[in-house]
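The structure under discussion appears below in the form of structure tokens.
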């Protein structure tokens, strides 16, 4: 049992395969798990077990996703692979599988294809911070110049979307050969090289506890003789008794001081990321605070009404709308704990949005909400979810 405990001490990093259909994402996922099992222990996975991705729900949307775990000597990886293009779109927009870095799989025989571009754009929009490239099927390309040409195209495409194309690691290999156990350069050695690149190129992600304090307010109580208590789950950081905090969103930002933290009816010195707690606020009246606001470290987050978003619109089969919507559509946007009405501005050239589409749009809310790039939300109509989105940019 001691071994399992030791594994947990390794830093944990979330990655995933992205890229065009049939370029070899699932085969590469199986090859990585197999090679990592040989080099660092763990469970080898075959193609079939990864390909039969189970359904899961995120923000009311059904997504097919496979989760594979593997180790390198220095890290533990959780890797997500999706069977279909629509699953990738949904996964990235809902944040069901947040990625610290992505492995872009590009077939050397085809070069970049439409979904290659779309997945790079999505990565930029939803805030995937790092991309590494695995050029697959190199074993069937005889012409070295063709490999160089494809590599150049991939680098240009990454640069088009503000990724550092010139400095991105690109590994040439063959997932099929690696899965067969080949020791040729495109076989298992290429996957070993990919694992090294993941370890060195993708930095260790900042843990929630090390980020600035933020707690979405779920409920507000007034306790006689003590003052106002707000409850919620701490999203990030730590709040300590005696610290100054801000109440952000919906109304003008207010400053207050945390005079107590309670969890399970016990008084604590601090509330930490992941914990459900009550925070006692000095001098704040019950009617000055409401669900949908957040408590935050002063200056760490600002309220906005206007933002750009990347949105996935549910299909009719997923319980979404049966009809398209047009410019000026006014649904509710559900951020963290509350709904806020907002108007949608479609991009020039987009007349309407059909159920099942993914689309970039501008939004203007009727109340400001504490937000940053990367914040997820649901779009609702009369309490049912009709879309999911992520903030791509905020406007001051």
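Any Cβ shown, glycine's included, is placed from N, Cα and C.
According to Swiss-Prot, the protein carries these features:
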type	residues	note
DOMAIN	10-206	domain 'tr-type G'
BINDING	19-26, 81-85, 136-139	GTP binding site
BINDING	26	Mg(2+) binding site
REGION	60-64	region 'G2'
REGION	81-84	region 'G3'
REGION	136-139	region 'G4'
Should anything in the same chain at least six residues away from the region 'G4' (136-139) have a Cβ under 8 Å from its Cβ atoms, list it; otherwise answer none. 23-24, 27-28, 105-109, 147, 172-177, 184, 186, 190
What kind of secondary structure is residue 19 (GTP binding site) part of, going by DSSP in three states? strand
Long-range same-chain neighbours of residue 22 (GTP binding site), Cβ under 8 Å, sequence gap at least 6? 107
Select the closest residue to residue 26 (Mg(2+) binding site) from the following binding-site residues, measuring between CA atoms: 19, 82, 85, 138. 82
Close in space but at least six residues away in sequence, with Cβ under 8 Å from that of residue 82 (GTP binding site), the same-chain residues are 16, 53, 63, 64, 65, 66, 88, 91
Between the binding-site residues 25, 85, where is the Cβ count within 10 Å the lowest? 85
Around residue 138 (GTP binding site), how many other CB atoms lie within 10 A of its CB? 22
I want to check the contact list for residue 19 (GTP binding site): same chain, sequence separation of six or more, C-beta distance under 8 angstroms. What comes out? 25, 104, 105, 106, 115, 116, 119
For residue 26 (Mg(2+) binding site), what is the tally of other C-beta atoms lying within 10 angstroms of its C-beta? 23
How does the model score the region 'G4' (136-139) in terms of mean pLDDT? 98
Per DSSP, how many helix, strand and coil residues does the region 'G4' (136-139) have? 2 helix, 1 strand, 1 coil
